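Summarising the annotation, Swiss-Prot assigns divalent metal cation binding site to Asp241, His243, His275 and lists sequence analysis as the type of evidence. Annotation comment: Swiss-Prot describes Asp241, Val242, His243, His267, Ser268, Asp289, Ile290, Gly291, Thr365, Thr366, Ser367, Glu368, Phe372, Arg375 as 4-CDP-2-C-methyl-D-erythritol 2-phosphate binding site. Annotation comment: Swiss-Prot describes 1-234 as region '2-C-methyl-D-erythritol 4-phosphate cytidylyltransferase'. Residues or ranges marked as region '2-C-methyl-D-erythritol 2,4-cyclodiphosphate synthase' in Swiss-Prot (evidence: sequence analysis): 235-398. The site 'Transition state stabilizer' annotation in Swiss-Prot covers Arg19, Lys26, His267, Thr366 and is backed by sequence analysis. Sequence annotations record features per position, and here Swiss-Prot assigns site 'Positions MEP for the nucleophilic attack' to Arg156, Lys213 based on sequence analysis.
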Amino acid sequence: MAKSQRTAVVLVAAGRGLRAGAGGPKQYREIGGQPVIYRAMEAFSRHPDVFAVQPVVNPDDSAMFTAAVAGLKHEPPTNGGATRQASVLAGLEALAKHQPDIVLIHDAARPFVSDGVISRAIDAASRTGAAIPVVPVTDTIKLTGASGNVEDTPDRARLRIAQTPQSFRFDVILEAHRRAAKDGRSDFTDDAAIAEWAGLTVATFEGDVANMKLTTPEDFVREEARLAAQLGDIRTGTGYDVHAFGEGDHVMICGVRVPHSKGFLAHSDGDVGLHALVDAILGALADGDIGSHFPPSDAKWKGASSDQFLKYAIERVAQRGGRVANLEVTMICERPKIGPLRDTMRARIAEISGVDISRVAVKATTSERLGFTGREEGIAATASATIRLPFNEKTWSV
């Protein structure tokens, strides 16, 4: 592809996804621990040849969209229309001010689009002007009539399954969409069909069987199982932290402000529960400890909320393609009493970590009045974290 080609993406995410079952629009449901739309958008956002990603969303989904794609670079979302075709046109019109050379049009419900497919889409549009990814049909296809009886068996060798991203010269597909809208044509099921109607020759390029569209509840179950099977490297880490009491009227424990007659002596907010948990996660990653990532000698972390330390550790797991399986913290103290706040702390850890509360445990014990915790001079915490990473044979000893 010539370096002068500017490529943008229309990410279509305005549908309601009713066939996917309960749980809201399918593009905002999680798959493999991440929202479907996040996975789709991230693939394009990180691609070196894509300069703009234009999301098209349902106006009722604004809050869900913002939460689902937090941290990803994209254009301000534009509202979709009553049909997919109308939504694509809205996305193209929103991109017109950027004057891209190439545009890729992708369904947000396809979260497993690869860098290779994206690169092939850009290259194909640059060479041909209009192209779509396809995969061969492996089953025998039957054409049936109104009676349900078989009327014909088409030649499987000529059949292909169309996928997205479908790629086009921007000016050509924008004009085709505008013409279709002007002529009152709203029955096209994909952008290639509009291009064909407009008289364009649509080329094909190699798609990817993994780049499937999530449509039914069974699709989600199957893909969750596939992703879980890929995360065969199960690791566990442990952490420990302690802080002495000082002056104050509260302490931070597991992300929760707890009223107390004393405060913590600490460089940050002194949240021993979260500090131990961060060390456990970093330990599972073999990625140093909290002090190496957030040195107490750095004034930047003076009084810092420990929420950001835990978010950082969770992001390190995600960067390795992993998922958190379980988080557990045990608080060791006489006071304050942890029991009444246990579920509040679990919920807060789950919220910070982006995991279900069923994967978070908070326990409490005492040292039977022994040692510094028994004398109520401070609080200690131990933690464990279990994570799953993609299996990499090269990291295993022979």
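Just so it is clear, glycine is given a Cβ too, placed from its N, Cα and C backbone atoms.
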Requested in this report: Check Arg156 (site 'Positions MEP for the nucleophilic attack') against DSSP and tell me helix, strand or coil, would you?
Outcome: helix
**Report entry** Candidate nearest Phe372 (4-CDP-2-C-methyl-D-erythritol 2-phosphate binding site) in space, where candidates are the recorded positions Lys213, His243, His275 and distance is Cα-Cα
**Finding:** His243
Query raised in the report: Mean pLDDT over the region '2-C-methyl-D-erythritol 2,4-cyclodiphosphate synthase' (235-398): what is the value?
Result: 92
Query raised in the report: Is any of the recorded positions Lys213, His267, Thr365, Ser367 within 10 Å of His275 (divalent metal cation binding site) (Cα-Cα), and if so, which, in sequence order?
Result: none
Query - Most Cβ neighbours inside 10 Å, all chains, among the recorded positions Ser268, Thr365, Thr366, Ser367 - result: Ser268
Report task. Between the Cα atoms of Ser268 (4-CDP-2-C-methyl-D-erythritol 2-phosphate binding site) and His243 (divalent metal cation binding site), find the distance and write it as a whole number of Å. Result -> 11
Query raised in the report: Within 10 Å of the Cβ of Arg156 (site 'Positions MEP for the nucleophilic attack'), how many other Cβ atoms can be counted across all chains shown?
Result: 12
Requested in this report: Could you check what DSSP calls Asp241 (divalent metal cation binding site) once collapsed to helix, strand or coil?
Outcome: strand
Requested in this report: State the count of C-beta atoms found within 10 angstroms of the C-beta of Ile290 (4-CDP-2-C-methyl-D-erythritol 2-phosphate binding site), not counting that atom itself.
Outcome: 26
**Report entry** Top Cα neighbour of Asp241 (divalent metal cation binding site) in the set of recorded positions Lys213, Ile290, Thr365, Thr366
**Finding:** Ile290
Report summary line: Students should find that the Cα atoms of His243 (divalent metal cation binding site) and His267 (site 'Transition state stabilizer') sit apart, in Å rounded to an integer, by 10
Report summary line: Should one count Cβ atoms within 10 Å of each candidate's Cβ, the recorded positions Lys26, Lys213, His243 would be headed by Lys26
Query raised in the report: Out of Lys26, Arg156, His267, the recorded sites in the record, which is closest to Ile290 (4-CDP-2-C-methyl-D-erythritol 2-phosphate binding site) when you go by Cα distance?
Result: His267
Query raised in the report: Could you tell me the C-alpha distance between Lys213 (site 'Positions MEP for the nucleophilic attack') and Lys26 (site 'Transition state stabilizer') in angstrom, no decimals?
Result: 10
